[in-house]
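As structure tokens, the structure follows; a few thoughts come after it.
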Amino acid sequence: MSEGNDQDAGKGRLSLRPAGRMELGRTVDAGSVRQSFSHGRSKVVQVEVRKKRGLQPGTPSAPEGGSSSAPAPQSGNAPQGTPRSGGGNRGSGRGGAGGAGRALTAQELAIRQRVLEQQRVEAARREVERREQEKISILSAAEEARRREEEAKRAAEEEARRKEQEEADRIAAEAARKAAESAPPAEAPPVPPPAQRERTAAPSSRSAPSRTAPSDDIRRPSRPAPIPSKVPVAAPSAPQTLRLRERGDEGEEERKPRRAGGGGAPAPRKAAAPVAKKAVAEPRRGGRIDVRAAIEGEDERTRSIASMRRQRDRERRQAELERLRADQLKVVRDVVLPETIAVGELANRMAVRAADVIKQLMRMGMMATVTQTIDADTAELVVQEFGHRVRRVSESDVEVGLEGISDIDSDLQPRPPVVTVMGHVDHGKTSLLDALRATDVAAGEAGGITQHIGAYQVTLPSRQKLTFLDTPGHEAFTAMRSRGASVTDIVVLVVAADDGVMPQTIEAIKHAKAANAPIIVAINKCDKPGANPGRVRQELLHHEIVVEDMGGDTQDVEVSALKRQNLDKLEEAILLQAEVLDLKANPDRAAEGTVVESRLDRGRGPVATVLVQKGTLRQGDIVVAGAEWGRVRAMLDDKGQQMKEALPSTPVEILGLAGVPSAGEPFVAVENESRAREISEFRQRKIREKMAAGIAAGRGTLEQMLSRIQAGAQKEVAVVIKADVQGSAEAIATTVQKQEHEEVKVRTLLSSVGQISESDVQLAKASNAVLIAFNVRATNQARELAQREGVDIRYYSIIYEVADDIEALVRGKIAPKQREKFLGYAEIRKVFEITKVGKVAGCMVTEGVVKRGCGVRLLRDNVVIHTGELSQLKRFKDDVKEVARNYECGLSFAGYNDIKEGDVVECYETELVPA
């Protein structure tokens, strides 16, 4: 063996002999294993195992000098507080000897007390610090325990993953070993010289070995030697690596085959198939350090599988930490909440899942679905729970900024006054306006009364303009008078000199005071023989109207519309009052005003009479009037002439609206159609909701309806109202509602303007309603349908006729009432007991008559003790129909026998009378 080693050394081959050329160092342990060959042969070979260096991170390696010793304390630095040997003892001795028999002075005592107090304060401070330190220690210990628990949990998970990986590696290694055993044994070829080996290293390692060498020394097993499962770790004190190089080729990069012993045969190689499988199927095992890698010269420090696992675990934990941080950094949003919102829409606005919103609602005790609608308060609580900001909005926000900004004084210009003429019916309001306008409107009015609100503009000889609103005086037109007073600047109160103050005059005074409008009293009909203007002034005092003649500040003018007397004085009074008010408006802005009246014209469609109060209305403007909108296609004045623009205080008729707006609604010009459509849709939706709520409230609960039907009290009169203008339809609806009775309900199914159509007839037929047509007619198709279906269409032109007919209808629905009629009294003089009949009272009729079958009340001491009917009425033994006063008779009561002498019988009968 030694000769072989020397020979190998001389040839420049590897050797395991511990000579000066090859050193294993302190990181390699040597051992021997027995290799088994074919035909029962075996041989002992030497094996070197490279040990893994087990350095802990952060631990410095020991110095090469060997053992390390702690630095000795310096002798020159003495501890603080240690008395010096020498003078200290001497001084102490002197102090002790000098102060043994002397008392402390006051200064020394104060110093000592101060020192003791400082010591107590210091002790208290240290105690507080100790307690705080204990609290911190407890919290730190809890945090450390939690951290250790988490680390233990992670370590357990890593250990489980490691075991699974090791089991997979073991199964793969076992499969590779079985594949290597099943392969035929391979023989190594002879080792070529170094120069030739450098050229043919790669091809020869893959070629099949020759089988012509019969010597046992050169035969090697086909499988490598077993590797110990646990490789001992080298001590960290000697950082050395195993480098196996040829004697003369230390710088050569090519790896040389290993020599097992003294023979010159090359080291055995593994079969090609297992090597390829290992390189392809398990690439992660390429960095593992084994015996073969150490022998072949793979001396670089590569990363182990455990290190790679730790790196992957660190990366996974880092990614998990970043994900958790991303979840914690939530985006706070401004969530806009309307009055009602669906659950799904709320989730979308918060950018969360709808399921999370539903869970939160369930925690709040509310079961909801994705499509269910919740109110704004509940939605606000949910948004706050998710950590977002809430911004509440209302559907009415679409009207914000609709009226524009306030005008500045420099933009204001004088405007004509708006004068409303009010008063009682038939006091001459329209005639007075006709006299001022030089027209004859009153002659064409039905019934001689005004039933529409009219708007006119008069130009005086002085070129000044006055705008007049003529309001109806009938009691049914309260809403019209209220609208006129709300948009007016001056109220002209017309009172007939021969009639005085009447109910509608009082109502007009209240409307004017509510609108805070000044009043000018026009005492009309002063040309009539019975005129008494003084009485009118006296009656006005009862309503706090004090004219100037009586020391007040209210102007009064005695006029005659028929004779056109003092009309100029009335105009002067109006102009004077307007000058006092100093009326101004800004014409250079979007138009605003009020709808005075509206109607549905057959040829022109919806027509609205509006009064411009601010700005200038031009043809082509987009306006919103109440719940309707449209573009102004045409404008007409009170004389029917076309206009291009309307300045403030100008009444005009506008065409082009989508529908008939309600009278009294404001109108405003907007910038575009989308804004107008949005506002109109919002207002129409509000009207529908209000109507639905009113219907539901009027209907009541199902139990209430059933109880009314069973009691026979569910009676109603249904009406469908069609009028020429919106104000008349409104007045008729109000008049109809006033005719209600406690037993009969009057219900207005429809109140609109325009002709009667087939749909109106069908509605009246379905609900058994009366169709009221006020100043309108039915179409031919509607008339024929009404005749076939038997629908009653009633035409009217005067409003009080409508009120009379509806009152008659309601009275016809009321059931007749029972009225009690007194007959007489009878006094019981004697009581008889008769078999099979019971007690019979012998009576004397003291007042009136007693009739058979009448109702009776039995009075005892003026207290009613029984109410019933007479069963028998006899005189002596004969049955009679009635007994007159001062005659005796016998009475018996149906089902009652508790009668005594001295009781009084009151007799009466009931009769039906119409309600």
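Think of each number as a place in line: the chain as shown, counted from 1.
Every residue, even glycine, has its Cβ placed from backbone N, Cα and C.
Checking Swiss-Prot for region 'G1' across the ranges 423-430, 599-606, 671-678 points to 423-430.
Region 'G4' is the annotation Swiss-Prot gives to one range among 524-527, 536-539, 700-703, 756-759, and that range is 524-527. Within the set 388-392, 403-407, 448-452, the record from Swiss-Prot flags 448-452 under the feature region 'G2'.
Per-residue pLDDT, averaged across the region 'G4' (524-527), gives 84.
Taking Cβ pairs closer than 8 Å, the region 'G4' (524-527) reaches residues 427-428, 431-432, 494-499, 533, 558-563, 565 in its own chain, all 6 or more past its ends. In three-state terms derived from DSSP, Lys429 (GTP binding site) belongs to a helical segment.
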